[in-house]
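Written out below as structure tokens is the structure these notes cover.
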Amino acid sequence: SGCGGRCAAEPSQRAASEQPACGQRRATPTMSRPSICREKLKRRPSWAEGVILDSVDRQAAQIENTRQPNITLLTQEIRAQRNLLPDSKGIGNMSEALSSFISHTRIDSLRRLAEDVNAGFAGTGSIYALDDIPYEAAWGQHCHDDDAHKIGELPSTAICGNDITASCFYVVGELSKNAGVYSPICTLLSSLTLFCFRSVYGEVVMALPLNGGIYNLLLNSSTKRTASVAACLTILSYTATGVVSSVSAADYLKCSPLFEGIQTVPCAITILGFFALLMLMGMKESSAVASALFVFHLSTLFILASFCIFFVQDVGFGQFWDNLAWERQPPLMHSIFYGFSSAMLGVSGFETSANFVEEQKPGVFPKTLTNMWLSVSVINVCLPALAICVLPLDDLVGDKSAFALAFLAERVAGPLFRDVVAIDALLVLAGSVLTSYVGVCGLFQRMAGDRCLPEFFSITNEWRGTPHYTILIFFFVCSSMCVLLNGDITLLGAIYSISFLLVMGLFAFCGLWMKVTRPTLPRQINTHPAMFVFGLLLVAVAFTAVVLLHPDVLTYFYIYYGITVLMVMTTFARVAIFTAFLQILSSSRIVRAVLRICIRAKFIQTWIFTKLQVIRNQGVVYFTKSASLSQINRALQYIEENEEARWVRVVHVYAELDDIPANLLEYIQFLDCVYPRIRIDCILAHGDFGPAMVQHIAERIGVPVNCMFINCPEYNFKHSLDRMGGVRVIMNSERASLLDGFGSLVSKSAQTKDSTPDTAYTSLVGTPLRPSSEALNLALTQAQLEA
């Protein structure tokens, strides 16, 4: 067009004018969009228009990159009915295996009819062959080498232990307000709850040992929207962790005479801003630093407990008897009910280890759960009991409740040890702030990679490689929560408790749900269903107590949780939003006149069209073993309901040519007609299904591993899911039924006796086809006319 190639050509026009040769893939028919040539603009683009042009150029290049084939195209050779296909390693002569496809020429005419009557036709699928798969044993050696660089038991326990044991600094005072002298009983109940969830977390996380916590579990056992909504609770939990830790650190800093004049809220925001700056500079959590800090923290608390014991031995239990007669002591049941909710705040952070399970050596995760349970049980039971024996309850529930342990240390060991405890609190709570930043950045990037959040959150700084937008947004959200609640540790702790307890309850519910929906999933730890139910009931009691004790906090919880959910739901609805905005832009002169002030409507239209093309050209992969029409149809239903991508590659891995199912290609071509808005390709890959195959396909076709789907593995599947690189389990196994799932609720371990090896991607049989458009009616009409 005379623009020197600087404006992107229309992909659909090129696809119509250029015939693909053998070994090349035909471009996907896409919606047409207005193209903008920079040299032909009547006036120089404004800054905003220049940004849009650059974005359009990048996205157009991204679309072209997704269409560049790196695999052998077989469709043209099959349609030409040639007997010999191009020889390639591992493929050979496939004319017999593909002969059934040649005879079904009626599918092509039906597809053309579907293209005529369906707007947004996604394009005709193709058939590809893939070979040169790397040797699986070499990949196994690579995974073994990676295990040597993973962290062991002490560093893993230290990273999550610093978070959970830091709760004692702000829980002792809050627990004394609600339970009084019955505080140790409440902490024993929280320890019992944690004992139940040690087994719950052990089963569900070891069954799906991938980072992400509850988001990862629900993503592999339910819908994508359900997992995203649950992930919003984890995001809110991280937010409350950062705010509560920063406010508590500021309170302990104030207990020193040197800093007693500082304001809590500005100091907390300063701490949040300091760690945001460190994160922007590329700071990460260090396992060595975390281990040293954990040892120092436990040593400080041990010395504090020892001083308290010596103090009580010297002065006797007079203070304890005085506290028993405390006039403000609530009734027994009232104290235990509401005190239990405060004690559960002391075990917050127990899910931290599940968020970095992939970085831990094999077998370390269950040990970290046991270590956290033991440490937090001893600390949370001993310190409140010793505080009641040493300090008056009026002081514990008064102004000094925010820094109760520092006040306790001053009473039993003097001002010097008080400063040591304050320094320990500042360091450990600051580490919790850093953990919240690292955790939320990892979760946002994972969700952006799964296309649950805008790609905006996956952008990293070119200088330090940090997700700066995520860090800055998280800092502003934490600061706003700190300002709105005026640094009130009681209200902040209530928000933290609500989000944390909901996440814990979801872990227990998800464990029961997976026993029903994923009964054949290999489990290293089998927990009795009664443990899930008992833990869920305890969490429900604690949650009810928090809501009844702080009903005014629900307003703030709804605001922040609603904002997070709205952000996620907007991502799922962005295609509808873009389409609606285009309609408004084309029909409303007022909107065009307003936009013309700063930017021309043509630029907005071009950017939206390009964005829609990028979204639709995102690809997903589904691995299938058998030629089950029901199985592939159910997978397409899942993709249509949960993914914006409209390009599906159905991959079949075979060892020998005779293993290729006779009707597989015919079924895929038929489903390509039934789902005209989805382009369905078939890839025949020669080799063994395993981690090497998954990684190789991801590199060759440019689809990330977390956008590859399989069916639930069975007990005899030879690869662990964490070795598979993050593939998603979307359906149950073919040989399992819901009755098997309910049977697993009765027995600790349901076994499938007649399972077939390597049935990692087979599915339930018997689901009827669901027409997604008029194509199926056209197919039936055509069949009747021919009859």
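Just so it is clear, glycine is given a Cβ too, placed from its N, Cα and C backbone atoms.
Summarising the annotation, TrEMBL assigns region 'Disordered' to 1-35.
What TrEMBL records for 200-218 (among others) is transmembrane segment. Proximity of distant same-chain residues to the transmembrane segment (200-218), defined by a Cβ-Cβ separation under 8 Å and at least 6 residues beyond the stretch ends, is recorded for 226-228, 230-231, 233-234, 350-351, 353-359, 365-366, 369, 442-443, 446-447, 503, 506-508, 510-511, 514, 518, 521-527, 531-532, 535, 720-722, 726, 729.
What TrEMBL records for 230-250 (among others) is transmembrane segment. Below 8 angstroms of C-beta separation, residues 163, 166, 169-170, 212-215, 218, 262, 264-265, 267-269, 271-272, 348-349, 351, 402, 425-426, 429-430, 432-433, 435-437, 439-440, 443-444, 447, 452, 474, 477-478, 481-482, 487, 489, 492-493, 495-496, 499-500, 502-503, 506, 557, 560-561, 564-565, 568 of the same chain, each at least six residues beyond the ends of the transmembrane segment (230-250), sit close to that stretch.
According to TrEMBL, the transmembrane segment annotation covers 262-281 (among others).
What TrEMBL lists as transmembrane segment is 288-312 (among others). Among residues of the same chain six or more beyond the transmembrane segment (288-312), those with a C-beta under 8 A of the stretch's C-beta atoms are 154-155, 157-159, 161-162, 165-166, 168, 375, 379, 382-383, 386-387, 389-390, 405, 408-409, 411-413, 417, 420-421, 424, 427-428, 431.
Counting only same-chain residues 6+ beyond the ends of the transmembrane segment (332-350), those with a CB under 8 A from a CB of the stretch are 160, 163-164, 166-168, 170-171, 174-175, 177-180, 182-183, 185-187, 189-191, 193-194, 197, 201, 237, 241, 369, 372, 376, 380, 432, 493, 496-497, 500-501, 504, 539, 541-543, 545-546, 548-549. Here TrEMBL flags 332-350 (among others) as transmembrane segment.
The transmembrane segment annotation in TrEMBL covers 371-393 (among others).
Under the heading transmembrane segment, TrEMBL lists 425-448 (among others).
TrEMBL lists 469-487 (among others) with the feature transmembrane segment.
TrEMBL lists 493-514 (among others) with the feature transmembrane segment.
Packing against the transmembrane segment (530-551) from elsewhere in the chain are residues 178, 189, 192-193, 196-197, 199-200, 337-338, 340-341, 344, 490-491, 494, 497-498, 501-502, 504-505, 508-509, 511-512: each is 6 or more residues past its ends and has a CB under 8 Å from a CB in it. The feature transmembrane segment is assigned by TrEMBL to 530-551 (among others).
According to TrEMBL, the feature transmembrane segment maps to 557-582 (among others).
Beyond the ends of the transmembrane segment (371-393), by six or more residues, the same chain brings 153, 157, 160-161, 164-165, 167-168, 171-172, 175-176, 180-181, 183-184, 187-188, 190-191, 194-195, 198, 298, 301, 304-305, 308-309, 311-312, 317, 319-320, 322-323, 326, 328-329, 343, 346-347, 350, 353, 404-405, 407-408, 411-412 to within a C-beta distance below 8 angstroms of the stretch. Counting only same-chain residues 6+ beyond the ends of the transmembrane segment (557-582), those with a CB under 8 A from a CB of the stretch are 225, 228-229, 231-233, 235-236, 239, 447, 451-454, 477, 481, 495, 498-499, 605, 608-609, 611-612, 615, 644.
Beyond the ends of the transmembrane segment (425-448), by six or more residues, the same chain brings 159, 162-163, 165-166, 169, 211-213, 215, 228, 231, 234-235, 238-239, 241-242, 245-246, 248-249, 252-253, 271-272, 275-276, 278-279, 283-285, 290, 293, 296-297, 349, 352, 355-356, 403, 405-406, 454-458, 466-467, 470-471, 474, 478, 568, 706 to within a C-beta distance below 8 angstroms of the stretch.
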